[in-house]
Amino acid sequence: MKIVVAYKWAFNPQDATVDSGGTVTWGRAKAGVSEYDPVAVELGRRLADATGAELIGVSVGGADTASPMATKSALSRGFDRVVVVADDALAGASTTQTALVLAQVIAHIGDVDLVLTGDSSVDVGAQMVPAVLAGALGWPSVMNVTTVSVGAGDLRVERAHEGGSQVLAVTGPVVLAAASDAVVPRVPGMKDILAAGKRPVEKVDLAALATGPSASSVAGVSTSRPELKSRGGRVLAGADVDAVVAELVAALRATNVI
Amino acid sequence: MPSTYILVAGDARIGNLVAAAAGTRITAVVVGTRAVADAVAASAVATVVWLGEPGENALEAFAGPVADVVAAAAPQLVLASTRPSDRVLAGAVAARLGAPVSTMVSEVVVSGDGAQVTRGVYGGIAQEVVAVTGTAVVILDGGASGTGGDAPVEEVAAVPAGVVVVENRPAARTQVDLGRAQRIVSVGRGLKSQDDVAMVEALAAALDAETACSRPLAEGVSWFTKDRYVGITGQHVSPDLYLALGISGQLQHAVGARGAGTIVAVNTDKDCPYFKEADYCIVGDLYDVVPALTRALT
């Protein structure tokens with residue numbers, strides 16, 4: 001059995017700056033394994049340990065996705081090996097582009113039974129890559145997954161559903177997006193980090209993958225800073241908390257908010 | 001007339017999607033029971049394509065057949081709600097058509113050969129307008145149920161993938177709909193203990209408000225249920241009053257409440273990011289401010 005976890009090497013937008021024209025610059029922002037991906041790795045590691053499966057990390061992105069820092073950081077989370085497509089043509093790739101290339105890499109690995117992803121990426125947060133990836137593979141997909149185990153001839157999947165949950169029986173390969181709180185990921189220790197340096201990293205050339213023609217195209221028209229409501233920004237401070245609160249209540253009442 | 005396909009998985013609340021598709025011919029593709037298909041047909045859509053009774057199959061198992069239906073039509077616009085199963089359908093369609101997917105969308109203008117989409121990028125720190133030629137897939141909040149329609153329902157046979165529901169564990173409580181709340185008292189990491197949630201609830205009661213939280217309190221420690229989490233991947237709210245207690249105002253949270261009429265932020269740190277986009281900034285400890293505010297209001 002082969003289990004793939006698709007992960008992203010990404011910046012946190014909190015560290016970016018946006019100029020008045022809406023251009024985003026990452027400046028001194030530091031990239032990392034995207035915030036919720038370690039949850040998917042942990043879920044995959046536990047399932048791989050329980051079933052004797054191989055756990056493979058897959059990532060596609062800009063050239064830095066293949067940097068030793070990036071691959072070691074990913075491997076230290078618990079992968080047996082990683083396969084990356086690192087090409088600056090994929091820096092800032094769209095959801096669909098990312099998912100289509102991921103599907104090609106998964107086909108390249110071959111005989112994959114299960115693909116896990118995190119809930120969302122820290123930078124884009126669209127929560128769409130697993131669904132598009134499944135579509136490209138011709139597999140079903142399920143979001144908000146909390147547990148995965150191997151049943152008799154199928155995969156048993158529990159997912160959060162309308163405040164409760166559902167248990168699903170899945171036959172055939174599937175893409176599962178882990179709920180962000182499905183499991184608590186382990187924190188890599190020194191031993192994991194040292195072992196990570198010895199595990200295999202396969203770099204796949206983007207040009208070697210057959211990405212089919214697309215019926216749609218996207219052209220940028222303009223960028224801007226989001227129009228935020230103009231806010232009062234009135235600072236209320238003072239040693240007497242009751243006076244501060246009274247000032248707030250009076251202001252809210254004067255503007256009919258309460 | 002340009003054509004829009006709205007994808008529906010088991011929940012007929014698509015009012016916002018119908019509104020976004022104004023001026024186009026709308027076909028709804030419905031996965032779910034006949035009752036859901038009929039409810040969708042009562043929205044202002046032209047036609048409903050229904051994939052038949054799902055029985056024990058999970059709704060996601062119909063993503064492939066949905067993609068078949070939409071790909072054959074190659075519409076200018078495909079809309080789906082942010083609900084998890086609906087996103088699965090939209091993903092299958094996007095993959096089949098190689099179509100771009102847009103989220104955090106504020107405006108869609110459809111023309112003969114495509115759509116112009118205004119959307120937030122990188123969690124909303126910037127905004128861009130893109131022109132999509134071919135099919136644009138757009139994910140929006142579903143909104144309320146649509147009305148004013150009586151569309152014919154056409155059944156199409158579908159072969160689902162192998163995903164079967166073997167057990168349902170329904171919610172032990174009703175889900176709260178923060179999107180409709182007029183006042184919200186929201187709390188973040190400034191809250192030190194689960195025992196102190198009662199103090200926040202007392203203030204919410206005095207304000208006739210719903211309680212909400214930032215992500216760590218719903219997913220890190222589970223002091224609040226997930227339907228009360230406001231943020232980029234959680235609820236997007238637009239109350240008249242949003243009171244943010246002990247929330248620093250990181251982008252991932254703030255973006256979920258930017259639609260609020262009035263924002264009051266309470267924080268011990270006078271330099272916290274929330275003070276840059278609040279109407280009232282109270283520099284103080286929520287443990288002092290919350291009881292004082294509750295007293296002042298009761």
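Positions of Cβ are set from backbone N, Cα and C atoms, glycine also.
Per TrEMBL, the features are as follows:
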- B:Arg189, B:Ser214, B:Arg215, B:Gly246, B:Ile247, B:Ser248, B:Gly249, B:Gln250, B:Leu251, B:Gln252, B:His253, B:Asn267: FAD binding site (BINDING)
- B:19-158: domain 'Electron transfer flavoprotein alpha/beta-subunit N-terminal' (DOMAIN)
- B:177-257: domain 'Electron transfer flavoprotein alpha subunit C-terminal' (DOMAIN)
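Structure coloured by features recorded in TrEMBL.
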| residue | record | contacts (Cβ under 8 Å, 6+ apart) |
| --- | --- | --- |
| B:Arg189 | FAD binding site | B:Ser214, B:Pro216, B:Leu217, B:Gly246, B:Ile247, B:Ser248 |
| B:Arg215 | FAD binding site | B:Tyr229, B:Gly231, B:Gly234, B:Gln252, B:His253 |
| B:Gly249 | FAD binding site | B:Ala265, B:Asn267, B:Cys272, B:Pro273, B:Tyr274, B:Phe275, B:Lys276, B:Glu277, B:Ala278 |
| B:Leu251 | FAD binding site | B:Gly123, B:Gly124, B:Ile125, B:Ile232, B:Pro273 |
Worksheet item: Helix, strand, coil residue numbers for the domain 'Electron transfer flavoprotein alpha subunit C-terminal' (B:177-257) per DSSP?
Response: 33 helix, 17 strand, 31 coil
Worksheet, complete the sentence: Expected list for binding-site residues B:Arg189, B:Ile247, B:Gly249 against chain A, Cβ threshold under 8 Å, sequence order, is none
Response to the item:
Cβ neighbour count within 10 Å, max among the binding-site residues B:Ile247, B:His253, goes to B:Ile247
Practice prompt. Write out how many residues of the domain 'Electron transfer flavoprotein alpha/beta-subunit N-terminal' (B:19-158) are helix, how many strand and how many coil, based on DSSP.
Written response: 42 helix, 50 strand, 48 coil
Discussion item. For the FAD binding site, please report the maximum Cα-Cα distance among B:Arg189, B:Ser214, B:Arg215, B:Gly246, B:Ile247, B:Ser248, B:Gly249, B:Gln250, B:Leu251, B:Gln252, B:His253, B:Asn267 in Å.
Written reply: 17
